[in-house]
Amino acid sequence: MENKTIKTLFIGAGRMAQAMISQLVKDTRFEITVTNSGNQKRLTDVKEIYEVSVATAWTDVIEDSDVVVLAIPPDAHPAILGEISPLIKGQLVITVAAGIRPSWLEERLPDKTAVAWVMPNTAAEVGQSSTPTAVGNYVTPAQKEVLEALLSNIGTFEIVTEEQVKALTAITGSAPAFVYKIAQALVETGLKSGITVSQANHLVAQMILGSASMLKTGKSPEELIDQVATPGGSTAEGLRVLDENNTKEIIATAIQACRDKANQSDN
Ligand SMILES: NC(=O)C1=CN([C@@H]2O[C@H](COP(=O)(O)OP(=O)(O)OC[C@H]3O[C@@H](n4cnc5c(N)ncnc54)[C@H](O)[C@@H]3O)[C@@H](O)[C@H]2O)C=CC1
Ligand SMILES: O=C(O)[C@@H]1CCC=N1
């Protein structure tokens, strides 16, 4: 990639935008401007915390941007696309929103606009997002390099089809909250042993980090479960309770509930 400044405009300054910005600011190639509707206090905070530029009217900066990141709710897209469309002239337009496909963006932006759909998660804040990404039909090789640089700053990514991003949104986007739900239950149970909140948080976080590292060795979940459960031992009893209560089915049903909700924005 050329050593050129990549002028990047974030429309939306919420949780996901801030998680991404917190890492992107470390890459000096990205020059970030943030804009938001309504919450001006949030914009002032973002300016102070991340030392980025802010704009009260994105119309002032969008024409001079190389990349526009839409980090707004799915249902805010139709109106925003209508407003930005006349000002799009060669920018790469990226959405992070559940259910907003590249083909849908292409239909609403000028002919041959470069678009992408990225589905990060909040671990972007520590450079550990797992981000399935679909690119539209008109992304140039140079824009693809820019997109990959952006994604590398927030974690790892896979270029997949838009159908796959749709299917994976619940798994990489939403399911971190399921993992935190398990963490919450473990912390609360751990606290009953008399340790401090900080000790409980640390022990549980390290246990999850260790488990994730084991998964990354390439061993399957089945193999790892078997490795933990000593035959005739205590873990097997806990696993029996999870199985008797259909834990796998409950997780699959929860994933489906996320998908059903995200699909309400899918056209
Ligand atoms: N929070 C997460 O873990 C993830 C969120 N996403 C997607 O990111 C997007 C934003 O979600 P969050 O950051 O969680 O929500 P949020 O509520 O924290 O942030 C949304 C931001 O968009 C702004 N906004 C709303 N309408 C706007 C408009 N018309 N123009 C400009 N700004 C506008 C709001 O003021 C707010 O700052 C959603 O589309 C969501 O699907 C995707 C993956 C993960
Ligand atoms: O809860 C949501 O709607 C967003 C999409 C994926 C994660 N958070």
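The first residue you see is number 1, and the count goes up from there.
Just so you know, glycine gets a Cβ as well, placed from its N, Cα and C.
Values in this document were obtained by computation on a predicted structure and should not be read as measured data.
TrEMBL annotations:
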BINDING   I11, G12, A13, G14, R15, M16, A71, I72, P73, P74  NADP(+) binding site
DOMAIN    10-99  domain 'Pyrroline-5-carboxylate reductase catalytic N-terminal'
DOMAIN    162-264  domain 'Pyrroline-5-carboxylate reductase dimerisation'
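Within the same chain, residues at least 6 positions away in sequence whose Cβ sits under 8 Å from that of P73 (NADP(+) binding site) are A97. For A71 (NADP(+) binding site), the same-chain residues that are 6 or more apart in sequence and have a Cβ closer than 8 Å to its Cβ are F10, I11, G12, A13, G14, M16, A17, M20, V96, A97. Every protein chain shown contributes to the tally, and the Cβ of A13 (NADP(+) binding site) ends up with 27 other Cβ atoms within 10 Å. Those residues noted as binding NADP(+) (I11, G12, A13, G14, R15, M16, A71, I72, P73, P74) have their most widely separated CA atoms at a distance of 14 Å. Helix, strand and coil content of the domain 'Pyrroline-5-carboxylate reductase dimerisation' (162-264), in residues and according to DSSP, is 86 helix, 0 strand, 17 coil. For the domain 'Pyrroline-5-carboxylate reductase catalytic N-terminal' (10-99), the mean pLDDT of the prediction comes to 95.
Taking the Cβ of R15 (NADP(+) binding site) as reference, residues of its chain lying under 8 Å away and at least six apart in sequence are, in sequence order, T122. According to DSSP, I11 (NADP(+) binding site) is assigned to a strand segment.
The 10 Å shell around the Cβ of I11 (NADP(+) binding site) contains 24 further Cβ atoms across the protein chains shown.
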